[in-house]
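A.B. asks: If you scroll down you'll find the structure; I have some questions about it.
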Amino acid sequence: MAITLNDGFKLPMVGLGVWRMEGKDIRDLIINSIKIGYRHFDCAADYGNEAEVGEALSEAFRIGLVKREDLFITTKLWNTDHGHVLEACKDSLKKLQLDYLDLYLIHFPVAIKHTGIGETGSPVDEDGVLDIDTTISLETTWHAMEDLVSKGLVRSIGISNYDIFLTRDCLAYSKVKPAVNQIETHPYFQRDCLVKFCQKHGICVTAHTPLGGATANTEWFGTVSCLDDPILKGLAEKYKKTVAQIVLRWGIQRNVVVIPKTSKFERLQENFQVFDFELAKEDMDLIKTVDRKYRTNQPARFWGIDLYA
């Protein structure tokens, strides 16, 4: 199952996110996920593992497990490289061992002090606050992203962590419309207005935290996951599925692409087995009632500034 983007390319509705995947585990995870049926992989320069992902993809191509044209590979421009879009993209392509990207996203709508191509830190000033670069506009960054399309380095371009207002601005100044807005959305943070706004204007929504962050965000940010919610547990029992499968299916039925992250083989299989059932309308409506407007991915803890305030 795939969504056709506004530029005609098809994005598989279930992908594998590689955030916080350890280098030593990536090879087996990528190979096994391809065998299961995954064709969509979501990467980022900031994840620090593009080279390991590239090795795994190269092996998959070499042994004939899959062809390059069968896969949809996404990666992202980090905040320190807004003024160096072309160089950053080429660096990611080199690490991923690819000739082109299917999708390149602006990871966050903020430019910060440049620290060197491939260096993906988050420099802070003497007060411990993110060192924001006020000389580079998001419009300038977007036009540089558009140039990547004309150069054939990238097929589709998009945005990530943009709210309604920033998305609206991007639509106003873009020559190539954003194909995707990748945002945090899950039952505890449903963001219906943003999702509907994007979809109304032909922008596909991808959920980068479709399970509410689970263990990863609990460890990093001290947040809680919707997977322990009693209503969702009740639906899992009703459909004889896991809570994660219920949550992913809910996302798909909102016409949202989901990219759950896991480092366990059994979870890889589980997360992909969401096409053999459908949630009834009353259960979709029931899930609406658990919305807490609760963000679990909170980089402000490291940046000393809340960009969402």
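Heads up, the Cβ atoms here are built off N, Cα and C, so glycines get one too.
Keep in mind that TrEMBL annotations are predicted by a computer and have not been checked by a curator.
If you look up TrEMBL, you'll see 23-291 marked as domain 'NADP-dependent oxidoreductase'. What TrEMBL records for Y47 is active site, proton donor. Residues annotated as site 'Lowers pKa of active site Tyr' in TrEMBL: K76. Summarising the annotation, TrEMBL assigns substrate binding site to H107.
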A.B. asks: Taking only the Cα atoms, work out how far H107 (substrate binding site) lies from Y47 (active site, proton donor), in Å, as a whole number.
C.D. replies: 11
A.B. asks: Taking only the Cα atoms, work out how far K76 (site 'Lowers pKa of active site Tyr') lies from Y47 (active site, proton donor), in Å, as a whole number.
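C.D. replies: If we compare the Cα positions of K76 (site 'Lowers pKa of active site Tyr') and Y47 (active site, proton donor), the gap is 10 Å.
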A.B. asks: Indicate the candidate from K76, H107 with the smallest number of other Cβ atoms within 10 Å of its Cβ, considering only these recorded positions.
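C.D. replies: Counting other Cβ atoms within 10 Å of each of the recorded positions K76, H107 gives the minimum at H107.
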A.B. asks: With every protein chain in view, what's the tally of Cβ atoms within 10 Å of the Cβ of the residue listed as 'active site, proton donor', excluding that atom itself?
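C.D. replies: Counting Cβ neighbours of the residue listed as 'active site, proton donor' within 10 Å gives 21.
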A.B. asks: Averaged over the whole of the domain 'NADP-dependent oxidoreductase' (23-291), what is the pLDDT?
C.D. replies: 94
